[in-house]
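What TrEMBL says about this protein:
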type	residues	note
TRANSMEM	A:12-35	transmembrane segment
TRANSMEM	A:42-62	transmembrane segment
TRANSMEM	A:68-87	transmembrane segment
TRANSMEM	A:99-118	transmembrane segment
TRANSMEM	A:149-168	transmembrane segment
TRANSMEM	A:200-220	transmembrane segment
TRANSMEM	A:232-259	transmembrane segment
TRANSMEM	A:265-285	transmembrane segment
Amino acid sequence: MEDIFGIPAPLLFGQLLLGLINGAFYAMMSLGLAVIFGLLNIINFTHGAQFMMGAFAAWMLLEWAGLNYWWALLLVPIIIGFTGVVLERLMISRLYKLDHLYGLLLTFGLGLIIEGVFRNQFGSSGLPYRIPPELQGAWDLGFMFLPIYRGWVVIAALILCLATWLLIEKTRLGAYLRAATENAPLVQAFGVNVPRMVTLTYGFGVALAAIGGVLAAPIYSVNPQMGTNLIIVVFAVVVIGGMGSILGSIITGFGLGIVEGLTKVFYPEASATVIFVIMAIVLLARPAGLFGRA
Amino acid sequence: MTPTRRSLLTATVGATLMPALPRLGRAQAANTIRIGVLNDQSGVYRDISGPYGIECTKQAVQEFGDKGFAVEVISADHQNKPDVGANIARQWYDQGVDLIIDVPTSSVGLAVNNVAREKNKAYINTGSATSDLTGAQCSPNTVHWMYDTYMLAKSTGGAMVKAGGDSWFFITADYAFGHALERDTTNFVRAAGGKVNGSVKYPFPATSDFSSFLVQAQASRAKVIGLANAGADTVNSIKQAAEFGITRRGVKLAALLMFLPDVHAIGLQTAQGLVLTESFYWDLNDRTRAVTERLRPRLRDVKPNMASIANYSCTLHYLKAVADMGVAASKASGVDVVNRMKAMPCDDDAFGPGSIRADGRKLCPSYLFEVKSPAESKAPWDYYKLLQTTPAEEAFRPMNEGGCSLVRS
């Protein structure tokens, strides 16, 4: 068995793979944040709560309606995305003319309220959600034992990220979106309904978080604080990638997952801090982020 | 420490959210015993005690009845942060709270320990596990109620080594509790001739993915993975160990601290076969079933576990001591009340007969349980079968080994 930096090679490969899996969640979450920030100029701090709502919605569909994982994967983004649309229409849309800070405070507060309501209702130790039977079991890769479900998460996340990127960069709708980001009044003058597009974009970003929640439900316990643990890290990922950069948030998400995975081998005590250290360094060297335009 | 949303809030809102105490008239206040339940009401340890611990305390007050003085129960959320917990404790004691109970999260439990001593008030810790509370950091103002890391290590750790688990790898929450639990278990493993292959300390409470640590543990070729953590962390560790097929490959998981609500959250399908230690189980005997039945209107669908019901048990004992020595004398000195509690034998439906040692250790038997399989479980919350009982005198660390200054003097 060969050693790399004093760590057996199989263990290291295993950790790289696990890092990639966590990176998949970071990428999916930061993608939603980036899409929302790009068009709405809102830093959506409710994102973690919406991720959690996605997981809970999957649990409710299973327990209360008897709908399995695959139905959840289809229905939850629609349901939670719709709550996002309502939220945008009722509250967030009133803040576009104001400073960023107001949007941040509103979404932050909403996130706390939603989390509190769920904790009051369901407690803190979480609810069990089983891995769907089709994805149970594991592959033996030689250097490690990879649960099929985790492999599925990486593939699903890659497909989602790629599809979102294509949608925004390569389609006409995406072109409208990007144009509206640059100059909304001009796009509106061409007859595009910008406010509706903005609303739907927020709903789309929220739906991405909800899918993340469904994917996470079988891995973590479905509990109200599951989003809290994630949102600050994901926010750091978005900052490192460059605010509003789609490709940046995808690549940074996966990359930082790997960095964090390696930290868990070499110095586990720092695994929760390493991303913020990188964020500080990136902000000093490239304030606009790795992929952002200054 | 990683900034989380909650820690951001703590800095700004924490001070303003401090629980306001109702202002009582002076004469009335002199004849009112105030008990503050300080625990986690919003984080990973909420379901272990939290609102249920408060209800159990109120039940004790109700059962104690009117002995010529009033009893008031107040509560607050310490958010698992030592600074928040110590601040609330200081404010409470200054405003006339006579006793603080519960206080899970060992780092917070130790912080409040210092405040109680400084203010000469009474403090009964039921939630923290660290055995340092009756060891190096013992205090004449403090009683430690129904468990500690030594008792868990001896019962669960001892049983695992005896069953052939002679090489260990620890996954440890990186704070006072995790360190104490790992240390105490290591001692038992080594004393029994086993060895420790390694350990990882992970950031608490910012970790929810344990797969990396589990794979490291597996690579160490240890026969037993010791989980020196609690609450949602233990739940996630066990779920993910099942996912990675670790238990199917013959590696045993030692959940060194697990409570009934954790088993509930994992589900019997995944939790079956785990062994764990508690000093209370609702379905243990007629007395535990009786007290559980009395608590039902307060706890509804939830069954009490050793942490929540310890609040019931310790409140009853404290109130008996107060009734014995008088309200004025108990208010005057925390050390005196605690000494009176130590002099009186304990007995209640939850933990049965027991006593409190000079170092503040409450003695009660510890029970080693195995989690039932879904087929064995007949009803909701029917989760444990009893494997082994360690009598009260043997369950805890011998007094002369703890290094408590109260014992030497």
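Backbone N, Cα and C define each Cβ position, glycine as well.
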In contact by Cβ distance (the transmembrane segment (A:232-259), the transmembrane segment (A:12-35); 3 or more pairs under 8 Å):
yes
Give the one range among A:68-87, A:99-118, A:149-168, A:200-220, A:232-259 whose Cβ atoms make the most pairs under 8 Å with those of the transmembrane segment (A:42-62).
A:200-220
Is it the case that the transmembrane segment (A:232-259) and the transmembrane segment (A:265-285) have 3 or more CB pairs under 8 Å, with pairs at least 6 apart in sequence?
yes
Is the transmembrane segment (A:149-168) packed against any residues at least 6 beyond its ends, judged by a Cβ distance under 8 Å, and which are they?
18, 20-21, 24-25, 27-28, 31, 35, 131-132, 135-136, 139, 174, 177-178, 208, 211, 215, 218-219, 246-247, 250
If one takes Cβ-Cβ under 8 Å and requires six or more residues beyond its ends, the residues near the transmembrane segment (A:200-220) are 25, 28-29, 31-33, 35-36, 39-40, 42, 44, 47-48, 50-59, 69, 72-73, 76-85, 87-88, 92, 126, 129-132, 149-150, 153, 156-157, 160, 164, 177, 226-227
